[in-house]
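K.L.:
Take this structure, written in structure tokens, and hold onto it; I'll ask about it next.
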Amino acid sequence: MAKINDHYLKLKAGYLFPEIGRRVREFAAANPSAKVIRLGIGDVTRPLAPAVIKAFHEAVDDLATTENFAGYGPEQGYDWLINAIIEKSYKPLGVDLKTEEMFISDGSKCDCANILDIFALDNVVAIGDPVYPVYNDTNVMIGRTGEADDKGYYKGIVYMPCTEENGFIPSLPTEKVDIIYLCFPNNPTGTVATKAELKKWVDYAIANDAVIFFDAAYEAFITDPAIPHSIYEIEGAKKCAIEFRSFSKTAGFTGVRCGLVVVPEEVMGTTPTGEKYSFNKLWLRRTTTKFNGASYPVQKAAAAVYSDEGWQQNKEIIDYYMENARIIREGLAAAGLTVYGGVNAPYIWLKTPGGMSSWDFFDKLLNECNVVGTPGSGFGPSGEGFFRLSAFGHRENVIEAVERIKKNLK
């Protein structure tokens, strides 16, 4: 009989968001007349920008003609999309990238998992706590860890607590690690990192021959000009960092699927015999073997994001969500809750009232306010006692949800 990958059996219960979905479905079945407002999972609600829709239609029309038909494209992505991203999103930051250093994908969630293919299992990994669950769970799945302890920490992973005391910015590891996951603006805490803070991590990585996985999925929500959008704004980062970006929140592509990875040619690893080798070459080899490229219509739509018209239209959509974030943040603060995030990020990280557990507060909001959020403990042990709300809802629902919560907490 075929054997399973038993590392999957180490995973704790279900993935966070399916568990939330299960509880909400049970509540809805028992309370069919209740109007449930979902501010939990970070799915967007605004339609795609008109320029993006126009490009989508044109790309579909291309596929209907012999002259413009597009079959298999380059696995790494079309140059016209890669160059548009570099020109519009990186060069204004003072970051110069080669076309060969960027890879277009079908989403950054997959990229954050698949990048592990090109790293040896005996690398020591450091992740924040709380953290986007994909970072943790994918390392468990591939066999890098032992079993989880009573707190939920897996043997073989270095956890870096992100707490109120350290401003939700992890401290440098005291032990040597090989791979460091950083996410800024942060999911789930909504925290951002300054250039000075990121410089510490870059310096650590260079000094310890480590590689930083920098998740910049929410960089488009940064409004403070002093906050870096890319790890490559930091001197030396191209020697030690791989950056992930997503179109899901930047352009509303949660149902379209498109992302990108930047793997600079300078980021090096070592072979078992100690020879240096470029991770860029390995990722290209992995990509050409396991991926046929994002679809032609999707890449055409993504390119429209970087047109002048598409850029402005998407900015207006992002501004809409950030106004939602302001409404949530200020409304809950006025209700006496301690809140973080929601300024340069679309997530609000709040402290549960009265020392309530994260899941108890989830049940309280669902049952008493008919509002769905995300329990902080689902992101890791250090998230216990906290709760995440998303700014991606419809404006009227956001306003109503805040009013319900304020009324309930009086």
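Every residue, even glycine, has its Cβ placed from backbone N, Cα and C.
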K.L.:
Starting from the pyridoxal 5'-phosphate binding annotation in Swiss-Prot that includes Y72, S108, K109, Y132, N187, S246, F247, S248, R257, N292, which of Y218, Y320, Y321 is the extra site residue?
P.N.:
Y218
K.L.:
Using the structure shown, find which entry in S246, S248, N292 (the binding-site residues) has the sparsest Cβ neighbourhood within 10 Å.
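P.N.:
N292, out of the binding-site residues S246, S248, N292, has the fewest neighbouring Cβ atoms within 10 Å.
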K.L.:
Distance between Y132 (substrate binding site) and S248 (pyridoxal 5'-phosphate binding site) at the Cα atoms, whole Å?
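P.N.:
Between the Cα atoms of Y132 (substrate binding site) and S248 (pyridoxal 5'-phosphate binding site), the distance comes to 15 Å.
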K.L.:
Let me make sure I understand the structure: which of the recorded positions listed (K109, K249, R388) has the fewest other Cβ atoms within 10 A of its Cβ?
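P.N.:
It is K109 that, of the recorded positions K109, K249, R388, has the fewest other Cβ atoms within 10 Å.
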K.L.:
Rounded to the nearest Å, what's the C-alpha distance separating G42 (substrate binding site) and S246 (pyridoxal 5'-phosphate binding site)? Just drop the number here, would you?
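P.N.:
So the Cα of S246 (pyridoxal 5'-phosphate binding site) lies 13 Å away from that of G42 (substrate binding site).
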